[in-house]
Amino acid sequence: MASAAEVKPQIHDPDTVGNHEVADAEKKDSTSDLEHHHAEDPSSQATSDADRKHYEKFGTYDRYEITEADCYDELGFSFPTWKKWMILSIIFLVQVSMNFNTSLYSNAVGGISKEFSVSKQAARLGAALFLIFYAFGCELWAPWSEELGRWPILQLSLFFVNIWQIPVGIAPNFGTILAFRSLGGLSTAGGSVTLAMVADMWQADEQQYAVAFIVFSSVGGSVLGPIVGGFVEQFLAWRWNIWIQLIFGGAIQVAHAILVPETRTTVLMDRIAKKRRAEGEKNGKSVNIWGPNETRTFKERFSAREILTTWIRPFRMFVTEPIVLVLSLLSGFSDAIIFMFLQSYSIVFEQWNFQAFEIGLAFVAIGIGYFIAWFTFFPAIKRNERLRRERPGDEQAQYESRLWWLLYTAPCLPIGLIIFAWTSTGPPIHWIAPLIGSAIIGIANYAIYMATIDYMICAYGPYSASATGGNGWARDFLAGVLTLPATPFFTNIGGENHLAYASTILFAISLLLVVSVYVIYWKGPVLRKRSPFAQQLNAARDDSGGRRVSALPGLYGSRANSLAGGQGGSMPASRRGSVIRGQPGQNRNQVPAGIEQH
């Protein structure tokens, strides 16, 4: 029998793997006459309907499925540094525009109330519905970016968000505003997709600076809205709040379409496989190489069951994955507290006779807090990188150490809230005092979002869009639900110090959140051990030599992106490519006898 070395395909040059080479390998090493007959005779009784269809379509039962190792230099991980940061800069603006839409509407509340003869409380429903539907939009768009690619999903999202601005801007009645604000929220892909692009271009050990940048865009967009909106409310008609969103969103969509390429690994692998087949045809050489999504038809990938599975995946992860559930609730409640606190801004600063644009400028204090938090993460990230290098076998160093800086910044949330609470009672206290409290709160909010997102992207890799979708859902849903009761909460608590009492209640709740941060830090390994999905991804990463894997079979739905064959839940024995036979009952990724497997 020929040695494995004599027939082994050259994995890093898949173009060399042709039909004739596979046949030679099988002739030398096959131990089954039936298998050989099956490969050459499609009319054999052993051939299934699926095999016949594949034979008719591709002319062979033998397929070489490309893997990351075969084309790593062409994937997002290998983009030049300048290209990665150029892409990320556009995505930064995309995320700013999405969060800008959530907050700018609030400055139109007064104008809407006056024009359509509804109460200001009713007018705020447009903001609440946008946030609530935004929460579900993040969940529904995110997994499709894993199936179809990041670029088309973000383009569709931006297109629909921009289109729905037009009916709101020309709305003849209040019902039109509510309907299309809801559609705008549902059409927003949100941070789940933008953050997942970080996982497409950076390995888990290299991603933190990029994650910090995108998180800054998310929180920054929320404060940019009221800053701009204050001037619009003061000097322009309320509809300009909508037109400015459309102008900004349209410009960002064009920039994204022109400057941002596809980054999703499995989609790129499909393109690379097609390109290599086309190059082989030009050279008169048969190249039998296929992408991970090409081995299934469109109907198989997007059957009713697959569509339902894809949509359910992020919700299921939110409920069944302990890491996703705990961290999403932590981040969600933190953001909800922040959102309720922000609703008090107009009430608080009117005591110092602030005009609309001056109240908007007061949000700069929170932005300063976000910037300070972002800047302080740089040395924390360096410390974390050093710790991971020094303790490569320590899981807590690899994962939970990403939460270390949060242990010191999370207490800023209750500290800032209590300062704001008892300095927001108006003159003779200077207005700078509550702004200092606001900046401290901004530090905590950024840190909680950054640390929890970084941890989940590291833990869930290729499915980080679905995992972080749970985080985004909790943040946006809770913020939306609390939009309507926020103003009554600050105005209806009796007594002369009603503003102070309301913020003190938020302070008490925030103390519980801070305690949960320390619990997660110490119990994180336990949570991960209870997560079979996180454990499988970790094992797959080890199997691939520490690289981030692009897909994983089975636990949460679609196998369309699977690079690892076999039973749901089994781990791939190799990260190499494989010659895949269409024989009934055979593992898709099983390497035929005689071809050495690494």
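Glycine too: its Cβ is placed from the backbone N, Cα and C atoms.
Predicted automatically and left uncurated, TrEMBL annotations should be read as such.
Summarising the annotation, TrEMBL assigns compositional bias 'Basic and acidic residues' to 21-41. Residues or ranges marked as domain 'Major facilitator superfamily (MFS) profile' by TrEMBL: 87-528. If you look up TrEMBL, you'll see 1-50, 561-598 marked as region 'Disordered'. The annotation transmembrane segment is assigned in TrEMBL to 85-102, 122-141, 153-171, 177-198, 210-228, 323-347, 359-381, 402-423, 429-452, 473-493, 499-521.
Here the transmembrane segment (402-423) sits apart from the transmembrane segment (177-198); fewer than 3 CB pairs are under 8 Å, leaving out pairs fewer than 6 apart in sequence. Only residues 6 or more beyond the boundaries of the transmembrane segment (177-198), in the same chain, are considered here, and those with a CB under 8 A from a CB of the stretch are 76, 87-88, 91, 94-95, 98, 101, 105, 112, 116, 125-127, 129-142, 145-146, 150, 153-154, 157, 160-161, 164-165, 167-168, 171, 207, 210-211, 214-215, 217-218, 263, 314, 453, 457, 464-466, 468-469, 472, 476. The transmembrane segment (122-141) and the transmembrane segment (473-493) are in contact, since at least 3 Cβ pairs between them lie under 8 Å (pairs 6 or more apart in sequence). Of the recorded ranges 153-171, 359-381, 429-452, the transmembrane segment (85-102) has the largest number of C-beta contacts under 8 angstroms with 153-171. Model confidence over the domain 'Major facilitator superfamily (MFS) profile' (87-528) stands at 88, taken as the mean pLDDT rounded to a whole number. Contact counts against the transmembrane segment (429-452), taken as Cβ pairs under 8 Å, peak for 359-381 among the stretches 153-171, 210-228, 359-381, 499-521. Same-chain neighbours of the transmembrane segment (473-493): 102, 120-121, 124-125, 127-136, 138-139, 190, 314, 318, 328-329, 331-333, 335-336, 339-340, 343-344, 347, 449, 499, 501-502, 505, counting only residues six or more beyond its ends whose CB sits under 8 Å from a CB of the stretch.
Counted over residue pairs 6 or more apart, the CB atoms of the transmembrane segment (210-228) and the transmembrane segment (153-171) come under 8 Å in fewer than three pairs, which marks the two as apart.
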